[in-house]
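S.K.: The structure under discussion is supplied below as structure tokens; questions concerning it will follow.
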Amino acid sequence: WEVNGSFHQPSAFLMMGIPGLEALHPWISIPFCALYLTALSGNCVILFIIRRTPSLHEPMYYFLSMLAVTDLGLALCTLPTTLGLLWFDVRRIAFDACLAQMYFIHILSFIESSVLLAMAFDRFVAISHPLRHPAILTRTTVLKIGLAIVLRGMVSLLPIPFLLKRLNYCGRTELSHSFCFHPDIMNLACADIKVNVFYGMIILLSTVGMDFVFIVLSYILIIRTVVSLTTKEECLKALNTCVSHICAVLVFFIPMIGLSMIHRFGKNLPPLVNTLVAYTYLIIPPALNPVIYSIKSTHIREALLRALCRKRG
């Protein structure tokens, strides 16, 4: 503990694994390793395919590249501490290192939310205004959107580590997960955390909350456009281009909303529920997104098959 008068700050926190299943951690690490391997290899393959295939140099696939980079970052943020705990029972994480991990996890989560919104806007323009799509979403525009997404995440979350460092901690140092989360750290303080709660809620609603609302509005407008199409084949073709994105939105937002609700209102739930939802939120989307797009996107699938054929040849 670092003590300055009445101010107490822990030198480190203790991470938790799967509650009640600590003896099975080596076996539990096997599916975790599979998920991390899928996330790292799958997103790297997506980036490689888009980079090497000129026909995929379009706004939709630029945004998919952003999503893949974000998923890689999320997987790499949690991989060292999660596997370190499951393999070697390394539970200790330094206070500043915990704040750094928390900051990057939340930034990447906010970025992923914003990228999904940008992808929804891309689908809306492509379906509602197909002739104007190349003129509206140029490379420069896509780059500006990407920079704005990153800056919004970095700036909006910048005060969070400083708000946590000002708090007085005493007694408990056990986190609920094998990684650092803002609500988790905040609840260990024995000080007034109203500012942290208020700021966290405002930022969450004004970023991820607004992103979700605009994604829903985008699909309402897309459905209106699709309904106005003359033939059933045109309707199905238009909707088929959105299936992968809808799956990615559901895989990301459902666990995120569930985890937020649990941290704020689920104090009486079993710890195992909190842990499973947290792992689902941070590990499943990076692993599933490349699989979803590889299966549903004909262009990605064909480019991947061509690359494999060239390698064998």
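Don't overthink the numbers, they just go from 1 along the chain as shown.
Positions of Cβ are set from backbone N, Cα and C atoms, glycine also.
What TrEMBL records for this protein is below:
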type	residues	note
DOMAIN	42-293	domain 'G-protein coupled receptors family 1 profile'
TRANSMEM	24-50	transmembrane segment
TRANSMEM	62-88	transmembrane segment
TRANSMEM	100-121	transmembrane segment
TRANSMEM	142-164	transmembrane segment
TRANSMEM	197-222	transmembrane segment
TRANSMEM	243-264	transmembrane segment
TRANSMEM	276-295	transmembrane segment
S.K.: Go through the chain and flag residues at least 6 beyond the ends of the transmembrane segment (62-88) whose CB is under 8 A from any CB in it; none is fine as an answer.
M.R.: 15, 17, 25-26, 28-29, 32-33, 36, 39-40, 43-44, 46-47, 50-51, 101, 104-105, 108-109, 111-112, 115-116, 118-119, 122, 139, 142, 146, 149, 178-179, 248, 282-283, 285-287, 289-290, 293
S.K.: When each of 100-121, 197-222, 276-295 is checked against the transmembrane segment (243-264) for Cβ pairs under 8 Å, which one has the most?
M.R.: 276-295
S.K.: For the transmembrane segment (276-295), could you work out the same-chain residues 6 or more beyond its ends whose Cβ comes under 8 Å from its Cβ atoms?
M.R.: 32, 35-36, 38-39, 42-43, 45-46, 64, 67-68, 71-72, 74-75, 78, 82, 105, 109, 112, 176-177, 179, 181, 244, 247-248, 251-252, 255-256, 258-259, 262, 301, 304
